[in-house]
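If you look up TrEMBL, you'll see 21-38, 44-64, 71-88, 94-116, 123-142, 172-191, 221-241, 256-283, 295-317 marked as transmembrane segment. The feature region 'Disordered' is assigned by TrEMBL to 327-346. Sequence annotations record features per position, and here TrEMBL assigns compositional bias 'Pro residues' to 327-338. What TrEMBL lists as domain 'ABC transporter' is 350-597.
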Amino acid sequence: MSDATLTARRPRAIAGPRTRAAGIVLAAAVAAALPLVAGDPYVVYLATLVGIYALVAMGLNLLFGYAGQVSLGHGALVAVGAYVAAVLTTTYGWSFWAALPAAMVAAGLVGSLMALPALRLTAWYLALITLAFGMVVNGLLVEMREITGGFSGILGVPRPEVGGLPLDDPGFFWLVLAFVVVTYVVLRNLVRSRIGRGLISVRDAEEAARSSGADIVRLKVFAFFLSAVLAGAAGALLAGFKGMVTPDDFTIDFSVFFLLVVIVGGAGRLGGPVVGVLAFFVLPELLGALAEWRLLVYGAVLLVVAVYAPHGIAGAWSRWWRSRRPPAPPVGEPPPEPSGAAPPRDALSLSARGLAKGFGGVRALRSADLEVPAGTIHAVVGPNGSGKTTLLNTITGYVRADGGTVQLGGRGTGRRSPHRMARAGVGRTFQTPRLLPELSALDNVLLGAYARERSPAAVIATGLPWARREATALAAEAMAYLRFVGLGDVAGQQAGTLPHGKQRLLEIGRALMARPSLLLLDEPAAGLSMTELDALGRLLREIRAEGATVVLIEHHIELVAEVSDAVTVLHEGATLLSAPPAAALSDDRVVDVYLGR
Ligand SMILES: Nc1ncnc2c1ncn2[C@@H]1O[C@H](COP(=O)(O)OP(=O)(O)OP(=O)(O)O)[C@@H](O)[C@H]1O
């Protein structure tokens with residue numbers, strides 16, 4: 001299995017950034033030529049609206065497509081941006097350029113408030129809350145007539161000026177296009193970074209993010225904020241473009257429209273929102289005389305997409321594109337060699353005393369003790385239901401203990417949350433692997449570096465060389481860890497398509513990528529073949545040799561006997577004994593509890 005050490009061979013290249021950058025420049029240049037070649041000014045008018053709506057949809061895609069948070073209130077966030085810009089320019093005489101950032105900040109703040117229910121609610125309750133939010137905002141636009149002008153709205157919103165002259169339609173189109181291109185590039189940089197991996201794990205496997213040191217609350221608030229900032233920008237642009245705002249522009253249909261755009265275009269696909277706006281907005285417009293059938297067209301498109309292209313038009317396109325080409329190795333600039341071994345930090349000792357945890361009437365842990373010296377492999381065994389996983393969950397902060405203490409390296413951990421425990425050097429895997437199924441094996445390992453990456457979000461978003469260099473070095477290191485766990489040959493494969501045994505190894509690779517000082521593995525041997533078992537034994541010893549302490553929950557007694565320095569036996573939520581493996585596994589009491597005597 002361990003076909004490479006951490007001082008690995010040159011990893012295969014990961015991406016083709018130059019080709020993609022050229023593609024973006026080309027697409028932007030073609031779009032920029034539109035006002036020059038389009039004979040009909042209506043085309044430029046439509047294209048400007050497409051750009052504005054695409055901005056909203058791109059933001060919603062970040063929130064819904066990547067982070068999995070449903071919002072039926074995005075139309076209201078656009079309204080916030082539009083009205084803030086309209087009021088500031090008409091009532092207070094601000095220039096459009098000053099009102100625009102104010103509108104973005106205002107919408108961003110309101111969007112961050114929308115994140116609060118998202119911290120507690122499941123997707124569909126959140127959808128209801130955001131729907132209600134949209135209705136409330138629409139009602140307020142009508143009721144607060146002194147500020148908003150009530151039903152008649154606000155007229156005379158000025159266009160942005162350049163050189164003292166208001167932008168004409170082509171000029172406005174280019175302004176919107178510049179926004180779209182910059183937004184696309186920023187979002188592209190973000191979603192391909194640790195932030196994107198963090199957001200996707202909010203959607204697909206929160207535990208994966210927590211165990212890698214990512215703060216789910218911050219990630220959710222960030223997604224709501226950024227998504228709302230984009231809606232606010234679109235609102236201000238819409239107000240400036242049309243010269244007026246009315247509540248009728250921001251009904252619930254408007255919010256639903258954006259969600260449909262994202263779903264049809266391809267949620268979680270960068271190009272999806274633009275494709276979606278084109279499908280949902282331009283197509284019916286172009287149908288002209290058939291405009292009255294627009295709702296029917298919407299419904300039909302949605303139905304066809306739901307049945308035949310569950311990942312939207314962009315998803316279907318990329319699948320078709322991939323299927324046409326032979327599976328080539330990833331191309332582009334190869335990441336440099338890792339600068340030598342990337343050993344885990346200094347091993348930490350673990351001491352858990354008197355841990356207790358009840359779930360209703362079930363006493364999962366009554367009084368569990370676990371003493372693990374630094375740099376050892378310590379197995380925890382016991383019959384089904386004896387409390388092993390609960391012990392691991394209380395140590396790592398996933399479950400709050402009712403009583404008892406946990407010390408890491410001789411210092412109490414208090415009530416640290418899972419991501420803080422991860423940042424303190426505690427890595428873990430799960431009884432059922434928690435992976436990001438749609439991402440590659442390499443990306444899954446990279447998630448493990450979440451807490452180690454230093455580049456701030458703003459640096460990542462702008463794609464500065466500092467962030468790129470760090471990302472490249474981490475990718476090389478992740479590749480080395482993939483080889484270390486024996487998965488070097490499946491780096492580019494989607495994690496969800498890997499066989500179960502490889503998924504388990506991949507999770508270990510992710511945990512190692514965080515360079516834990518203490519690694520807790522929950523039944524890593526479950527479902528492995530005999531060859532994989534042998535390899536796992538070797539891997540565990542190598543991890544110990546690299547300098548980490550390992551706690552191994554395991555039913556596979558041969559593996560336990562082979563690799564562990566000591567064994568703790570749990571029975572009915574309490575520690576029965578702790579001893580070297582030979583003594584522990586031959587103890588009469590242990591034999592009795594396993595045989596149910
Ligand atoms: N979240 C929960 N809610 C209710 N009961 C729970 C919960 N988690 C664990 N339990 C119960 O606590 C007891 C101990 O479960 P735990 O999963 O810790 O045991 P285990 O030793 O890991 O078992 P196994 O070897 O089957 O994985 C079981 O009776 C289980 O049903």
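Yeah, the Cβs are placed from backbone N, Cα and C, and that goes for glycine too.
Among the listed stretches 71-88, 123-142, 172-191, 256-283, the one sharing the most Cβ pairs under 8 Å with the transmembrane segment (221-241) is 71-88.
Within the chain, the transmembrane segment (256-283) has long-range Cβ neighbours (under 8 A, six or more residues past its boundaries) at 46, 49-50, 53-54, 56-58, 60-61, 64-66, 70-72, 74-75, 180, 184, 187-188, 191, 200, 203, 297-298, 301-302, 305-306, 309, 311-318, 438. Contact between the transmembrane segment (172-191) and the transmembrane segment (21-38) holds: at least three of their C-beta pairs are under 8 Å, each pair 6 or more apart in sequence.
Residues of the same chain lying 6 or more positions beyond the ends of the transmembrane segment (295-317) and with a Cβ under 8 Å from any Cβ of it are 260, 262-272, 275-276, 279-280, 283-284, 287.
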